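**Student:** Quick paste of what TrEMBL says about this protein:
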SIGNAL    1-24  signal peptide
DOMAIN    191-391  domain 'Cytochrome b561'
BINDING   HIS229, HIS266, HIS299, HIS335  heme b binding site
TRANSMEM  230-251  transmembrane segment
TRANSMEM  263-287  transmembrane segment
TRANSMEM  299-319  transmembrane segment
TRANSMEM  331-351  transmembrane segment
TRANSMEM  371-392  transmembrane segment
COMPBIAS  401-415  compositional bias 'Basic and acidic residues'
Amino acid sequence: MQSFALSTIFILISLSSLSIVVSSSKPLNPCNDDFLHIQAYKQMQNQTNTTQCKKLSSLQAQFAWNYHKTSHNQTQLNILIGTKLITTTGWLAWGINPDLPRMVGTRAIIAVKVPSQITPSVNTYNITKDIQLGCKLQPSGIDFMVQNMTVVDDKDVGFFSVFATLVLPQRYNVSSLNHVWQVGYCVDGLEPKMHEASLGNLDSKEILDLETGDCQNIGQHRRHMRKVHGILNIIGWGTLLPIGVIVARYFKQFPIKLDPCWYYFHYSCQVVGYILGTAGWGLGLFLGHESKYYTFHSHRVLGICIFGFTTLQILAFQFKPTQEDEYRKHWNVYHHFLGYALLVMIPVNIYKGIKLLKPDNITWKWTYNGILVLLGVVVLAFEILTWAVFLYKKCCKKTVEESSPRRVEIEEDSKGQTNEGSSPRKTEVEE
């Protein structure tokens, strides 16, 4: 069992390392035709034939840029970012961070559209830690020059886009530019309010090489880790633990008795499922720590409870009383109650995790639906078998009782048949 645990940890580390390698350098994903027909993009192409365009990894955003060095050794960068913002109220933000690929510390350009204004407004903003804690987001100057800020709300192609020209000082490295983007749907006057706390919003950041278009997608790396987290928990907690319960219920004594094989299989399913589920749970805690401003409270709390309850179930195997022990019946009640409680909590939490993956959660949802349906069909089949065997045995027992010989006592008259003082003779009469 220790060697299996080590193997599991090795596989987990290998998968995580592979995700880092895969996401470390990602080539261009070309923009679609609707975005390429925006007038601002055509103007950028007319200025220079070095304009590059790519789909960003989240929020349906697409990004185009070109740049050149100025005589003062600065970088003049033209950018165009757009997304499908089809609501009447909302905002689109794009910015760069001189230090890290994150929202705090970003120098941002934010365009806001509201129904009361024909032309959307656009301004520069400094995104500080206070903003994420709930302070008002107000326009402010930033540490580089921004010119020609323009907002285009093209309803024909459905893109809401922002164009701007940036003059970047030398501290901004064009070969590894930390850029972030966001989309929100809540506005107070012209003040952008907090965007959704979805995984798409969390992943909207990357390190971009302006010259080659290659990027280190921080969000992509986290998506790979989430896949590992989900696979481990679905297999471990969501599949193997229920299989262990099915084995214990239907192969212990009734309707099929496989003693002691059922116990070894039950124990193996529980231990292997616990190891895989715990590895996935630990990876989930790491992902939660990495996104401290995005907390999925109910998913996290249920995960901690499931880990605690499964740990108690595994420990229960080590402290199980003997059959003759007077506390065995209390242990059975505790063990069964906790097991069936886990059978309810685990699917609920898995579906909560799958819901967080939207809009890319269809495959996950149908896969787990299939697993639950398969387990449900197996349980239903065994329940039918259990009741069929029970009713059959009950019917057979009743038939045997009705057809068995009945012993009756007949006391014969002692006259001329028994000696004086002898006991009455018992004869067997068969009906």
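Cβ from N, Cα, C; glycine included.
Heads up, TrEMBL stuff is auto-annotated, nobody curated it.
Set these features in their place in the structure for me.
**Tutor:** Within the same chain, the residues at least 6 positions away from HIS229 (heme b binding site) whose Cβ sits under 8 Å from its Cβ are GLY280, LEU283, GLY284, LEU287, listed in sequence order.
Under 8 Å from some Cβ of the transmembrane segment (230-251) lie the Cβ atoms of residues 12, 257-258, 261-262, 265-270, 272-281, 283-284, 306, 310, 339-340, 342-343, 346-347, 350, 353-354, 357, 364, 367-368, 371, 375, 378-379, 382, 385-386, all in the same chain and six or more residues away from its ends.
Among residues of the same chain six or more beyond the transmembrane segment (331-351), those with a C-beta under 8 A of the stretch's C-beta atoms are 233-234, 237-238, 241-242, 245, 299, 302-303, 305-306, 309-310, 312-313, 316, 320-321, 365, 368, 372.
Same-chain residues lying 6 or more positions outside the transmembrane segment (371-392) and placing a CB less than 8 Å from one of its CB atoms are 234, 238-239, 242-243, 246, 249-250, 254-256, 347.
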**Student:** Excluding near sequence neighbours, so keeping only residues 6 or more apart in the same chain, what lies with its CB under 8 A of HIS299 (heme b binding site)?
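**Tutor:** HIS299 (heme b binding site) has long-range Cβ partners ASN349, LYS352, GLY353, LEU356.
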**Student:** Which residues, sitting 6 or more apart from HIS266 (heme b binding site) on the same chain, put a CB under 8 Å from its CB?
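**Tutor:** Once residues fewer than 6 apart are set aside, HIS266 (heme b binding site) is near GLY244, VAL247, ALA248.
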**Student:** Limited to the domain 'Cytochrome b561' (191-391), I'd like the whole-number average of pLDDT.
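**Tutor:** 86, rounded to a whole number.
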**Student:** Around HIS335 (heme b binding site), how many other C-beta atoms are within 10 angstroms of its C-beta?
**Tutor:** 16
